[in-house]
Every structure is written in structure tokens, then in C-alpha cells.
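Data first, discussion second: the structure below is written as C-alpha cells.
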Amino acid sequence: MAGNKTVDTEKLGTVFPESTPSVSSRLKAFRRQFHTVRATAGDTVHLPCRLSPETSTAAREVRWFKGTDCIEVFQVTVGSGCEGSGKLTLRDVKVTDSGQYRCEMLGEKKEEMSVIHLHVSEFKLVSRSEDVGKPSHVEPLKPTSKQQSSPDFGPHVFCGHDVTLPCYLSPETSAVAMEIRWFKGTDCIYLYLNGQVTEGRGYEGRVSMFTEELQRGNMSLSLRDVQRSDYGEYRCEVTHGGHRVKNDGVRIKEFKLFSLPENNHSLIPQPFTVHACAGNDVLLPGFLSPKTSAVAMEIRWFKGTDCLYLYQNGQVTEGRGYEGRVNMLTDELENGNVSLKLKVYQSDGGEYRCEVTYGKHKMENIVHLQIEAPVCLSEYFH
């Protein structure tokens with residue numbers, strides 16, 4: 001059994017209209033809250049029953065039901081200007097605890113405040129082997145959520161390389177007799193059923209699981225020869241004994257080339273503009289993201305269709321008309337810095353393109369060089 005953890009749904013709230021609601025509409029919004037809570041056997045689960053401050057400031061009796069059985073009764077007080085909570089706590093939940101729970105408040109009249117469907121699974125799926133059997137905090141979906149958010153967890157991979165998408169059963173359980181499906185978006189790309197494997201269209205011969213590891217609950221998927229169309233979100237789904245669970249998803253991410261080394265590249269204007277004066281040196285920026293060594297890569301800088309600088313297998317070739325006035329900071333290649341230093345002529349203004357190739361993977365970045373008036377003290381970025 002997995003270690004105990006807490007599934008706290010207290011943060012689940014009711015979303016009000018943007019306009020200021022009337023008291024009656026707010027009361028109506030507080031009533032009949034619907035939630036779905038998913039947990040794993042051994043968890044501690046908190047089921048919310050939020051009470052509106054407009055209902056009363058007097059003590060109230062709260063009753064919790066599972067189906068038609070009343071399982072707990074207690075008193076709560078809703079103070080003026082604040083909300084009360086009739087939260088029900090279930091510790092060390094079991095699969096048999098799954099079902100519909102209902103919270104009722106008894107005061108001047110009976111009001112049904114919350115209806116919650118609790119789904120308890122024998123196991124869950126985790127993306128890190130070190131998380132198997134470890135307690136973790138589960139954030140259930142809000143009532144207004146229509147789908148899970150897109151996962152950001154996952155590796156950066158170059159085209160043509162291989163990658164493993166991790167997925168493990170927790171607690172450690174044999175998956176040999178289970179039905180296992182891997183999806184990219186809505187397309188099933190791999191199916192393991194009754195010991196037989198079916199590979200999805202476009203993935204034939206490129207996907208496999210480590211079948212000798214299924215006994216230990218390792219359902220990770222190996223994807224070979226990554227193609228540009230393979231970037232995106234993948235999810236694993238396991239069915240066993242009428243129970244179906246999914247992981248949070250894994251994303252295959254692409255290495256890219258940017259004009260700044262910062263993490264938030266969405267703020268970089270395109271094309272990026274560099275200002276300089278004739279006679280000065282200027283740096284045309286280029287950085288691999290995430291940071292990775294470019295020593296073994298092929299790097300080309302172009303102005304228009306003319307290649308003015310080529311770095312290949314540790315050797316450098318300078319383009320015609322640029323001899324002796326272009327170079328890269330080769331000691332910075334290890335950090336993914338492929339910026340080009342240029343001794344500026346008046347005729348050098350225009351668009352420059354950096355192209356970095358690594359096997360089948362190609363990255364590009366555009367930099368615009370603007371030549372300033374004949375007299376300037378220094379070049380600067382804009």
C-alpha cells in the first residue's frame with residue numbers, strides 16, 4: 001500500500017459571475033456544489049462542505065451521507081462575514097470507500113450543500129521511479145475545469161535521437177496482466193493487451209516497452225528516431241479489474257535557438273534587433289535553449305543567402321568579404337552560446353540568420369542589425 005497522503009479539496013470554490021451577485025444568487029451558487037475527488041488507497045481525503053455566511057450566523061447541524069447511510073453528524077457555526085466548513089475527513093481510504101457522498105445542513109430548513117463522487121484506485125501512475133510508494137499531495141480538479149492542464153514535465157530531445165517516456169505503478173505492482181495504452185493526444189500509439197502489442201500508425205517499429213520490467217510496474221515507453229511531428233504531449237492509461245487510471249502526462253520538448261539566454265523567450269521581439277556603428281564590434285546573439293553544449297554541432301551564420309561563417313567539426317570557414325572580422329566565442333560553445341562577433345562595416349546592416357544542425361535536428365534564429373549614424377559611442381541592444 002502506498003504511504004499516506006492528503007487529498008485536500010478545501011480550495012475548491014464556486015465561481016461567481018463577474019458582476020456583483022445578489023444575496024439570493026450567491027446563496028444559490030453556494031448550494032449543490034458538485035465535485036469529483038480521485039485518490040489512491042491509503043490516502044487521507046478531505047471532502048468539502050462550504051457554508052455561505054448569508055445562510056445564518058447560528059449553529060448548524062451538518063450530516064454526511066454515503067449513499068443513503070448517514071456516516072457522520074456534527075455541529076458547525078457560520079460566523080458573520082466568514083464562511084463555515086463542514087469538512088469530512090476520511091483516513092486510510094480503501095477502494096470500497098468509492099462512491100457518492102452528500103453533505104446536508106440542518107437549520108431552519110434542510111439544505112443539500114455538496115455532492116461529491118469519490119473514486120479510490122488500488123494504484124496510481126507516477127512519472128519518476130523515486131516517487132513509487134512515496135506520499136504526495138494531490139490537487140483535484142476544480143468543478144469548472146473541463147480538462148487537465150497540459151503537462152510541462154518531460155525531456156528535451158533532438159530529432160533523430162531516442163527517448164524514454166517514464167511511467168510507473170505506485171505502489172510497486174506487476175503490470176503483466178494489465179491493459180496498457182499510450183496516447184499522443186487522442187491517438188493510441190501503443191497497446192499492450194494479454195501479452196500482445198499493437199503499434200499505432202506512424203509509430204511502427206519505433207515504440208516499445210521494457211517487457212522484462214512490467215513485473216516491477218515499469219510501463220515506460222521507448223520512442224526511437226524522434227521526428228519533428230513527435231513533439232508534444234503523451235499520456236499512459238492502465239486498465240485492470242474494472243479500474244482505469246491515467247498519468248499526469250509527459251511532454252517531449254524541442255531544443256530551440258533564441259536571441260537571449262533567459263527562460264521566458266516569449267518576451268523577445270521577433271526579429272531581434274541589434275544596433276551598432278560602423279567601425280565597432282557587435283555581437284549577433286544566439287543561444288541554445290535549454291542550455292546544452294554546441295561543440296559537436298554544425299553552426300552557420302548567413303546574411304541573406306551568403307554563408308559568412310561556418311563552424312564544423314571544430315574547424316572554421318569565413319565567408320568571402322568577412323575574412324578576419326567574424327568569429328565565435330568558441331570557449332562559450334560548451335554553454336550553448338553560438339553568438340557571432342562581427343567587425344561592423346557601413347554596408348553590414350540587414351538580416352542575419354543563425355542555423356544550428358545536430359544530426360537530423362535543425363534550429364534557426366533571426367537577428368536584425370541596424371547601423372547607426374557615423375558617430376556613436378557604443379553599440380547597444382534594442
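The backbone N, Cα and C atoms fix where each Cβ goes, glycine too.
Listed in TrEMBL for this protein:
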- 21-114: domain 'Ig-like' (DOMAIN)
- 143-253: domain 'Ig-like' (DOMAIN)
- 277-370: domain 'Ig-like' (DOMAIN)
Model confidence over the domain 'Ig-like' (143-253) (mean pLDDT, whole number):
90
Quick check on the domain 'Ig-like' (277-370): DSSP residue counts for helix, strand, coil, in that order please.
9 helix, 51 strand, 34 coil
